[in-house]
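Worksheet: the structure to be examined is printed underneath.
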Amino acid sequence: MTQITPTCAPPPGPTITDRTSLRLSKAIAGKSRGWKTGLLFAGPAVIASIAYVDPGNFATNIQAGSRYGYTLLWVVAAANLIAMLFQALSAKLGIATGRNLPELCRDHFSRPLVIALWIISEIAAMATDLAEFLGGAIGLALLFRLPLIIGMVATAMITFALLLFEKRGYRVMELVIGALVATIGLCYLAEMFIAPVDWTAAAWATITPRLPDATALTIATGIVGATVMPHAVYLHSGLAQNRAAAATDDASRHRLIRFSNREVILALALAGMVNMAMVIMAASAFHIGHSDVAEIEQAYHTLTPLLGAAAAAIFLISLITSGISSSVVGTMAGQMIMQGFVHIRIPVWLRRLVTMVPAFIVILAGVNATDALVISQVILSIALPAPMIALIYFSGHRELMGPFVNHRVTQWVASAAAAIVLGLNMVLLIQAFGFTIPGLPVAP
């Protein structure tokens, strides 16, 4: 394998303008400073972070909090740290090589392996879109007292409208997604002031690993699937690839990677806190007396008498915002996956239309919407090792990465994280076939 000189080929989706690229170049060279300059580097991780607060997180976090209280907060924290590591590696890969992860897979793997990776990634993208689309539709249906199908149609129309911002340029899309992320964060900040939280118990559970039974393990695996997202790993490399055009040598690429790492830490720390807030809210509101709450609709109807109409409305607003924004980001990732792996690009409206079809089929077939959300997260968890292993492989090769190759410790930690995810998936499959895990009690 020979080292690739960054080509900075634009990925699918919006691109940065020449003006933004020039401002980035000046900032990287140290010719401009200040908070406005810092905001230039905010974008890729913000867009990727929306994948970590999508409706799938709502479903799994509600189940975790209502059934096990604060017990599984440590899983959320650990999954968020793993997500930070792999999003940082993905961004570094895009900056160092000027290529995104699907493109590198296509260039360096055999054709059968590329096709297999593409199929796995497309299945994961559809599972992702199922969760995102259904989440937004459920929120709209509950808030405005609509049939779920009408909520799905409304979600589709809003998503199509937001995707039009792609034509306005990369920064416009970043600002739109950033505003939606901020809305979700503010909603859960408000919930924390309403819910009666035992902060000491929550803090202790965050640093104390414990799995009470087999169902807890299943939910924990779902949390990992909802927090570390395959399409976000692929997408971030392409979003960072856009920024690579502003870095013309190794020194400037090194500075750009440093800025990128800071953004990843900030954006995903916010996403992690939102996820922990979801579990804390569910634990505080439902665990004592309402531990059977496992569905989004149940959570909404139970919140109203427990914490008031305002808390229930805030919950729905955050769910709608999450579903619509993550659906837009999922479509962007789907474009990148298809073009990167098999060099096929279809119009964004057609991509959006195709990925919506499974959601309509699931609901028309009578499948419970929240069950579909949780199952989609398990599918994502099973699909996740493919991009994780590919990312470790490429970012650990000096011939490809040059001076930006992973440090040996980074490579070990990333490999250990991937092994943990693989292990969780194997346990999940064993449970799915009706076998029990020795030493792990079955839930009552």
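Placement of Cβ uses the backbone N, Cα and C atoms for every residue, glycine included.
What Swiss-Prot records for 39-59 (among others) is transmembrane segment, and it gives sequence analysis as the kind of evidence.
Among residues of the same chain six or more beyond the transmembrane segment (69-89), those with a C-beta under 8 A of the stretch's C-beta atoms are 45, 48, 52, 61, 198, 201-202, 204-210, 212, 216, 219-220, 223-224, 227-229, 232-233, 236, 260-261, 264-265, 268-269, 271-272, 275-276, 279-280, 283, 287, 388, 391-392, 395, 406, 410, 413-414, 417, 420-421. The transmembrane segment feature in Swiss-Prot is assigned to 69-89 (among others).
Annotated transmembrane segment per Swiss-Prot: 109-128 (among others), in sequence order, evidence recorded as sequence analysis.
The transmembrane segment annotation in Swiss-Prot covers 146-166 (among others), and the record cites sequence analysis as its basis.
Residues 42-43, 46-47, 49-50, 53, 162, 165, 267, 270-271, 273-274, 277-278, 280-281, 284-285, 307-308, 310-311, 314-315, 317-318, 321-322, 324-325, 328-329 of the same chain lie 6+ residues outside the transmembrane segment (175-195) yet bring a C-beta within less than 8 angstroms of a C-beta in it. As annotated by Swiss-Prot, transmembrane segment applies to 175-195 (among others), with the evidence given as sequence analysis.
The transmembrane segment feature in Swiss-Prot is assigned to 215-235 (among others); the stated evidence is sequence analysis.
The transmembrane segment annotation in Swiss-Prot covers 264-284 (among others). Long-range Cβ contacts of the transmembrane segment (264-284) within its own chain (Cβ-Cβ under 8 Å, at least 6 residues beyond either end) map to 42, 45-46, 48-49, 52-53, 57-58, 61-66, 68-70, 72-73, 76-77, 80, 83-84, 87-88, 91, 181, 184-185, 188-189, 191-192, 195-198, 202, 206, 227, 293, 299, 315.
Residues or ranges marked as transmembrane segment in Swiss-Prot: 304-324 (among others).
The annotation transmembrane segment is assigned in Swiss-Prot to 346-366 (among others) on the grounds of sequence analysis.
Marked as transmembrane segment by Swiss-Prot: 372-392 (among others).
Summarising the annotation, Swiss-Prot assigns transmembrane segment to 417-437 (among others).
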Inset, instruction - Any chance you could find the range in 109-128, 146-166, 304-324, 346-366 with the most Cβ pairs under 8 Å to the transmembrane segment (215-235)? - result: 109-128
Legend entry - Contact call for the transmembrane segment (304-324) against the transmembrane segment (146-166), three or more Cβ pairs under 8 Å: yes
